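Below is one structure, written out as structure tokens; comments come after it.
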Amino acid sequence: MARRAAVPAGPLGDDFSFVSPVAKYVLFSFNLLFWMISMVMVAVGVYARLLKHAEAAMACLAVDPAILLIIVGVLTFLITFCGCVGSLRENICLLQVFSVCLTIIFLLQLAAGVLGFVFSDKARGKVSEIINGAIVHYRDDLDLQNLIDFGQKEFSCCGGVSYKDWSQNMYFNCTATNPSHERCSVPFSCCLHDADQAVINTMCGHGMQARGYLEASAFIHTNGCIDKLVNWTHSNLFLLGGITLGLALPQLVGIVLAKLLINQIRDQIKLQLYNQQHRADPWY
């Protein structure tokens, strides 16, 4: 039988490295992609904010999509920056920050999903509060207005609970003291659309809040968007699950690669210390 070659007892050569180039550059590329995406998000958010009037921008700060875009973009930028530099420079500290941040975000997403399912009534109340706040500031923010119009058209709904929720907006308020020419109206996105209609009547929502449900239903969607959103969620659980998995999978891959690279870097440091100690040995 052939004998196995003896493993040398001395230290490994200087050209040997425990750090895998595949793990290193895959993690770097992964972070570089999201780093560039985050810069685009911040740039778009800042540009959207600069286009708005200062008073209107401050009035609806809590429900401004541009602010949300900037916050998410900045957080993504900082986290992926740690991942990029940490993987490229083989910096354990930055890689640990990157790994911990991704782990916290993943756990927060998991907790939000579980709490939203367990406390569905409270989650519904929070969604209702957000929608009502958006209705109040509908005319104050063009981005928010476009977002609400898109949602009402896609879900064929109007308002939060019903079309009369639009009375919370100062322009659509259905009180006799309201001087607005849009008094008792609803946005055009609430209207029923006829594909065969050659000329679109953009004033179809005028005075609809003053009408009853049955009468108004001939012209607009009277059902609120909250119920429509809940029904859509129940009907598309597999789609939402796939989207959630698609968001969670890159995070898990990033966490695993970061942990793997950290362990490899530590092994490499131990190897370098081992080689230095043996070179200092006069019998080496």
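Sequential numbering from 1, following the chain as shown.
In case you wondered, yes, glycine gets a Cβ from its N, Cα and C as well.
Source: prediction; values computed, not measured.
What TrEMBL records for 25-48 (among others) is transmembrane segment. When Cβ-Cβ distances below 8 Å are used as the criterion, the transmembrane segment (25-48) is approached by residues 65-70, 72-74, 76-77, 80-81, 83-84, 87-88, 98, 143, 250, 253-254, 257-258, 261 of the same chain, each at least six residues removed from its ends.
Within its own chain, the transmembrane segment (60-88) is flanked in space by residues 24-25, 27-28, 30-32, 34-35, 37-42, 44-46, 48-49, 52, 94-95, 97-98, 101-102, 105, 130, 133-134, 137, 140-141, 143-144, 147, 254, 258, 261, which lie at least six positions past its ends and keep a Cβ under 8 Å from the stretch. What TrEMBL records for 60-88 (among others) is transmembrane segment.
TrEMBL lists 94-119 (among others) with the feature transmembrane segment.
The Cβ of Cys190 (disulfide bond) has 25 neighbouring Cβ atoms from other residues within 10 Å, across all protein chains displayed. Per TrEMBL, the feature disulfide bond maps to Cys157-Cys190 (among others).
TrEMBL lists Cys158-Cys174 (among others) with the feature disulfide bond.
Remote same-chain residues near the transmembrane segment (237-262) are listed as 19-20, 23-24, 26-27, 30-31, 34, 83, 86-87, 90, 92, 95-96, 98-99, 102-103, 105-106, 109, 113 (criterion: CB distance under 8 Å, separation of at least six residues from the stretch ends). The annotation transmembrane segment is assigned in TrEMBL to 237-262 (among others).
A distance of 19 Å separates the Cα atom of Cys157 (disulfide bond) from that of Cys174 (disulfide bond). All protein chains included, Cys157 (disulfide bond) registers 24 other Cβ atoms within 10 Å of its own Cβ.
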